[in-house]
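A.B. asks: Among the features that Swiss-Prot reports, compositional bias 'Pro residues' is placed at 394-415, 423-502, 663-745. Annotation source Swiss-Prot lists N-linked glycosylation site at Asn16, Asn86, Asn98, Asn281, Asn332, citing sequence analysis. Among the features that Swiss-Prot reports, repeat 'LRR 3' is placed at 138-160. The repeat 'LRR 9' annotation in Swiss-Prot covers 281-303.
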Amino acid sequence: MKKTIQILLFFFFLINLTNALSISSDGGVLSDNEVRHIQRRQLLEFAERSVKITVDPSLNFENPRLRNAYIALQAWKQAILSDPNNFTSNWIGSNVCNYTGVFCSPALDNRKIRTVAGIDLNHADIAGYLPEELGLLSDLALFHVNSNRFCGTVPHRFNRLKLLFELDLSNNRFAGKFPTVVLQLPSLKFLDLRFNEFEGTVPKELFSKDLDAIFINHNRFRFELPENFGDSPVSVIVLANNRFHGCVPSSLVEMKNLNEIIFMNNGLNSCLPSDIGRLKNVTVFDVSFNELVGPLPESVGEMVSVEQLNVAHNMLSGKIPASICQLPKLENFTYSYNFFTGEAPVCLRLPEFDDRRNCLPGRPAQRSPGQCKAFLSRPPVNCGSFSCGRSVSPRPPVVTPLPPPSLPSPPPPAPIFSTPPTLTSPPPPSPPPPVYSPPPPPPPPPPVYSPPPPPPPPPPPPVYSPPPPPPPPPPPPPVYSPPPPSPPPPPPPVYSPPPPPPPPPPPPVYSPPPPPVYSSPPPPPSPAPTPVYCTRPPPPPPHSPPPPQFSPPPPEPYYYSSPPPPHSSPPPHSPPPPHSPPPPIYPYLSPPPPPTPVSSPPPTPVYSPPPPPPCIEPPPPPPCIEYSPPPPPPVVHYSSPPPPPVYYSSPPPPPVYYSSPPPPPPVHYSSPPPPEVHYHSPPPSPVHYSSPPPPPSAPCEESPPPAPVVHHSPPPPMVHHSPPPPVIHQSPPPPSPEYEGPLPPVIGVSYASPPPPPFY
């Protein structure tokens, strides 16, 4: 029997060999291309992802680094399984600096030679994987591939990219555990992993790394936030739509550079830190759609810079402190779907507020008396019972030594809790006031982050209303990946998010000024709208976001409207920026797709998301207490104008000098409150971090699935003609090292790759 099997295998080998020879161009010997093709197919199934590239001796290269770049890019080209827009069709020959999406600049250690400093293939709809050979691009400063269909994992040899400043892998189909190789990149400042399928825990080392922006929302991460969370120097961090649980870390109050933070739609279950008021520079604070309990700390009234405050869809109780509603910059306060029993009259005079579904006497649309009675009859929450980290000094009571045996020992002294002094860090530079026009949070059902599938190119402003993806499927993605236009053509890349379909209006846009604007162009919305989640506490099943219209699989990203997107919404495949020339300035417009595909990024996109369809509020639950976390959070549109100064000028194109970006301008997370209320936030141009929602997971080669239908995306239609965030070269507050890296700074561009601003 064994011999028979061996004979069959031998004949099978001969048949395959015959077929291979039959396709040979010369009839007898396989061409180099055919050999590489066979190798690539084998590598997809076996061994590590690496390809042997043979360099034609007749090719001449300016220097060895460009030769290495040729090898890396040819290996990558072979790892591409689908390139419907022919972005890599001109990746031929030795002049790698003329390849579409590849940008060269003088080397940092030798200005006389050119080297590949940036790669920008945003919104190219390419399917494939990242080969290990990419580690040969030793001078690479920025790597932007958002809104494609890349799958697999991040190559281990990325650890050789010692100059990499911006890494944007958002809105793809990467999977597996957190890519720890990014922790080995010494120059990395901007990390965007949004809208992928990463899972498991996030290494605590991430929060000790010197980063300025962390976007890991819309994945499948599940873990408790570590005690060193507060050690992170970031100005913007978005963890929304994952499966984090446990405490809100008490160390959170130590994040002195923090401008925007979004915990929305996770499973956090604790009280808010009592000294949360130490966050003096925060402009956007969103902890909606969790399971937080206890009162709203009085110290929230000390967060003097906050513009967008969202604590909706939790189980908070007590009275709203009047000091919170008197904050000087507060524009949108959403505290619906809790169990608050009192609010100061001043709260009713805020520009935008939502107090529905509480237990407030005399106010409309409150919970039923039965629900309120059932909840309030329970024992009050003891916030000290949560072990939430290092805020409490010695937990155990201090026991004084017992006196002599004859005397009874005195009772041990009560434990002493040292409360850290509140920091009064000066408020962040006054960024333009973000425009918060989030509609009031819809009924319990979390607002759907349904990135509207904008079918046509940039027609309507993209509406990014990502549905909360609490359910099994990956969270609907508002895609925040700012894809730079990457069509083969040389024209400068337009990072304008594709126009979202008019139907689903984005949730309220919070445009906090301070946060840095990461304008990663949002992936083009795909036609399919995201479903509206109007469900009660249980988060609606995440609908896989519709694939962005353009290749980007995910549907439109939310509007994290970072700096106003350049007017040009990248047409489905806007041509990539000219080869070496620096790309146009991209305000870190993350996803906000400019309304019209205008190649010039500066124009502010007009976001007039159609009013979200009325979200059908599920009838108030019976008297039973709604302890279950409220429905998935509504899409939060923090359209905070990009913080003026954040300039990570590491645009993909020409040499970008990565001077450590000044503290990014305020990122605008437009996390819409429940759809019903449309908050037209103030002047600041909304920053749309519209990273397209990640396309539903599909085979690598599969095009992104259409986005789910968006139900009631609350964002009120607004045309935000917010000029791109001032790209003022401010010294970045965070002392980021000046990156005089391969790419010269792109004027007016914050983070070169329009990383979707922090949002979902």
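Any Cβ shown, glycine's included, is placed from N, Cα and C.
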A.B. asks: Across all protein chains in the structure, which of the glycosylation sites Asn86, Asn98, Asn281, Asn332 has the highest Cβ count within 10 Å?
C.D. replies: Asn332
A.B. asks: How long is the line from the C-alpha of Asn86 (N-linked glycosylation site) to the C-alpha of Asn98 (N-linked glycosylation site), rounded to the nearest angstrom?
C.D. replies: 15
A.B. asks: May I ask for the distance between Asn332 (N-linked glycosylation site) and Asn281 (N-linked glycosylation site), taken between their Cα atoms and rounded to an integer number of Å?
C.D. replies: 16
A.B. asks: Could you measure between Asn98 (N-linked glycosylation site) and Asn281 (N-linked glycosylation site) for me? Cα positions, answer in whole angstrom.
C.D. replies: 43
A.B. asks: When secondary structure is assigned with DSSP, how many helix, strand and coil residues does the repeat 'LRR 9' (281-303) contain?
C.D. replies: 5 helix, 6 strand, 12 coil
A.B. asks: Considering every residue in the repeat 'LRR 9' (281-303), what is the mean pLDDT value?
C.D. replies: 97
A.B. asks: Check Asn332 (N-linked glycosylation site) against DSSP and tell me helix, strand or coil, would you?
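C.D. replies: It is in a strand.
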A.B. asks: Please work out the helix, strand and coil residue numbers for the repeat 'LRR 3' (138-160) from the DSSP assignment.
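C.D. replies: The breakdown for the repeat 'LRR 3' (138-160) reads 5 helix, 7 strand, 11 coil.
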